[in-house]
Amino acid sequence: MNFQGLVLTDNCKNQWVVGPLIGKGGFGSIYTTNDNNYVVKIEPKANGSLFTEQAFYTRVLKPSVIEEWKKSHHISHVGVITCKAFGLYKSINTEYRFLVINRLGVDLDAVIRANNNRLPKRSVMLVGIEILNTIQFMHEQGYSHGNIKASNIVLDQMDKNKLYLVDYGLVSKFMSNGEHVPFIRNPNKMDNGTLEFTPIDSHKGYVVSRRGDLETLGYCMIRWLGGILPWTKIAETKNCALVSATKQKYVNNTTTLLMTSLQYAPRELLQYITMVNSLTYFEEPNYDKFRHILMQGAYY
């Protein structure tokens, strides 16, 4: 359905005129609105992922919580966005859910494609630090992102040095009342996410924990450097079991993973991925140590 021209009424009774379609993904379509600072994200209510996003926005991504966390951690920017409003729209046959969220600029995937499918090492390390800061914030609220990839990392419209990790349709609550979720497989959760970057735990049906997000970021950084992961071509065939098995094969062979993907083994990525692979499912990572590794790669 094309929503352009429709007037949507949100939960606060404000009205939004839907403009042209500017993006479409696995978790909804994105349109401009009559306010240039915001876009509207729409999907059928029955799909459920936008409800997951809405809940995450309203429970976790409160401006006061974000600002307090930044102050307490002495971090100037956290790449999460907030939700301006939400609501439901009913057509003749289908009910839709919509969110009104911040309008951003181009995504990192477009930037990489415009640069011959690779970024300089310094840029990759700096992006890695920004995403590490962002997932640390999410993790300390008890949630994992579950779908880190270049197309879900978006530049600020005005300040190109600010990045945002968006699309919260696969966030998972791994911590509740101070207790980590148990290490129990759920067949309905197997292979969630983007197959090429899905963490091994998710392949097996476990809730993505902190180590899963860090694992995915490691795979992404290899790709951003221009590497081709050993399972990239397999992922295109949608053979989930073979992708999972191939990832598992490299868990204790990080040097081989990097040499196969990049034809060289950047010291910082070797350290980063080795440290990720040493984490247990329940373990809280030493984010400062990970940050230090990436800083070394960016500045030395």
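Keep in mind that glycine also has a Cβ here, set from the backbone N, Cα and C atoms.
The feature active site, proton acceptor is assigned by Swiss-Prot to ASN147. Neighbour count (other Cβ atoms within 10 Å of the Cβ, all protein chains): 25 for ASN147 (active site, proton acceptor).
Sequence-distant contacts of ILE30 (ATP binding site), defined by Cβ-Cβ distance under 8 angstroms and a gap of at least six in the same chain, are LEU21, ILE22, GLY23, LYS24, VAL39, VAL40, LYS41, ILE42. ILE30 (ATP binding site) carries a strand DSSP state (E or B). Per Swiss-Prot, ATP binding site is recorded for ILE22, GLY23, LYS24, GLY25, GLY26, PHE27, GLY28, SER29, ILE30, LYS45.
Regional average pLDDT for the domain 'Protein kinase' (16-282) in the model is 96. Here Swiss-Prot flags 16-282 as domain 'Protein kinase'.
Cα spacing between ASN147 (active site, proton acceptor) and GLY28 (ATP binding site): 15 Å, rounded to the nearest whole number.
For ILE22 (ATP binding site), the Cβ neighbour count at a 10 Å cut-off comes to 11, with all displayed protein chains included.
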